[in-house]
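Participant: Here you go, one structure.
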Amino acid sequence: MPQKSSRARGAATQGPDGPTAAPRPPVKAAPPNPGPAAELPQAAPAAAQALERLHLDPAPDGDPPPPPPPPVTEPEAPAPSQPPLVEASSSGRSEAGGSLEEEAVRKLHELAEAGGEEVALTEEEVRANDQRQEDELCALEAIFGDAVVILDRKGGQRCFQVHVHIEIPDAIDVSTRLNYGDGKLKYGATSDADADDLDYKFRVEHLPPILLTVLLPASYPSHHAPFFTISTYWLDKGMISSLCRMLDMLWEEQQGMEITYQWVQWLQSSSLSHLGFGNEIILGKNDVTCNADKRACLDNASPDVIIPRMMRYNDNKHHEAFLHAIHDCMICFSECPGVDFIKLPCHHFFCWKCMQTYCKMNVKEGNVVKLLCPDTKCEVAVPPNILKRLLGEDEFERWEGLLLQRTLDAMSDVVYCPRCQTACLEDVGNEAVCSSCLFSFCTLCRNRRHIGEQCMSPEERLLILEKRQQSGQVQGDQQRILEELRSLKEIMKDAKQCPRCKMAISKTEGCNKMHCENCGEYFCYQCNCAITGYEHFKGSCVLFPQEELDRWEMQMNQRVRRQVVAQAHAEIHALHGQVHPCPTCRQPSPKVGNNNHLFCWACQKHFCALCHKSVPKPAQHYGPKGCKQHTADP
């Protein structure tokens, strides 16, 4: 069993989607984005020299490969019954603890052992190959950073893994045909679809990486190509075999040269187009056996495991990109990095300070039921786990208490004990028993239970308490109850009680369909009955009362408004005898100043104040041969 390499620069851990590198010294730190040798930091001269010796051209224009995820440290697992196959070192992400990584390394060593006899090399050729391999690994680490995992040597041969992140310009659809005919989810037939087959499609912007495991023999790169395996769980064996053959062709074109960088670059940029995946990736079952390459490794998982893994990887990369990007808060319009934002389940996000202020303000005001997303068009509630992060311990306890209180208040069969204020369930006889103090009371009058006796009404109880107050017998709680009953009496003069939670509600304007903000119940304001739609108003109850229609007509119709004003004006002048009756409708109309041309506010007709005749055309009525238009009243 190979031991840890002497080139190890730090401890390593195992990540969720593959090995994750531990931090390395600054001297070997890789730049965040791949680039040509001229863009490498000055602190890595060996990497720059290695790139120059490999004759690597600058990376093409376009988006660079996405950066690897940040290191994730997990608690140490108990020692397994068998030691791990290999351990990561150098810039490696983790110990090769995953089954796919272990299988790739195991198969790679088997291929190397069965690879045939080694070429006899001189000491100078051995030293030259060793130096070129060292430079190549240094260049790969500098370019791809933590995506490169250096494994332990076996028999003096270098071994490493590269997590190749495939470049996707925008996004790509992933589709498959599934079958659940025998009770187990599996891939369906690609042709002659069964009746039980189901076509499933989803869209991703990030694909899980392809694992390229490479073993460098002593005769590489002068004589032999590297031994390698390709591993992934979302491609079938035939597709992986096609990639293996393409890597062989690349080596045939550049024998004697360092080839691993070209392999990784080709897998990143050209593997999807080589497999015929232009705008859509089609997942299928692994039914290729005759042309399968021994270097193709895959995880024979069912589609109900592969598809969620692909979606989860895409979501994780999205979240990672969100945390590192700069966003605008739609409340304060300030720019902040993603780590300073709160992202809600509705995918709206706001900066931490605004969300904290918003939640604290609502909790302070007691608005816990309507604590929704700040977006005006969104009605998704802020989940409790986010509230717990935003609020302090005391504020979160207050929010929980208010929410429980509002929930209990909205329940029609929950009442409170008049002694200890504990929530109790009301039975059909308007009675309840407190579970805390065991007090049995009437839920109507809140006194001791009176079986067989009629309970008093609030008006009767108010009269009794007022008499007690006049005689000086009202004390403590009775005084408070008296004030509450008086307030309730005043409120109920112009208010109705919600038929569900008994909350007093007053209508200021609008229709008779009312909505209780406390419990969400809809009811008719005219008959106080609970309703669901508008069918109720086809009976004796009307949706809009006449006074509301008149008010709306007055507000929306300017002509009606002018009529009302003119009528009021005429009534004021009638008190002083300054009006003239209309010859058409006999309604009095005031004369303004000395103008004898009057306009009736009621019938909208023009008439003369002197002759009291209708005036259809003022130019023909007034003049030398007619009435004078301007005269003073006698």
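One is the number of the first residue shown, and numbering goes on along the chain from there.
Backbone N, Cα and C atoms are what each Cβ position is placed from, and that goes for glycine too.
Automatic, uncurated: that is what TrEMBL annotation is.
Quick paste from TrEMBL:
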| type | residues | note |
| --- | --- | --- |
| COMPBIAS | 22-35 | compositional bias 'Pro residues' |
| COMPBIAS | 36-51 | compositional bias 'Low complexity' |
| COMPBIAS | 61-83 | compositional bias 'Pro residues' |
| COMPBIAS | 87-99 | compositional bias 'Low complexity' |
| DOMAIN | 135-274 | domain 'RWD' |
| DOMAIN | 325-545 | domain 'RING-type' |
| DOMAIN | 329-377 | domain 'RING-type' |
| REGION | 1-101 | region 'Disordered' |
Participant: So what pLDDT does the domain 'RWD' (135-274) average out to?
Facilitator: 84
Participant: Take the domain 'RING-type' (329-377) and count its residues per DSSP category (helix H/G/I, strand E/B, coil), listing them in that order.
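Facilitator: Tallying H, G and I as helix, E and B as strand, the rest coil: 17 helix, 10 strand, 22 coil.
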Participant: Summarise the domain 'RWD' (135-274) as counts of helix, strand and coil residues per DSSP.
Facilitator: 45 helix, 46 strand, 49 coil
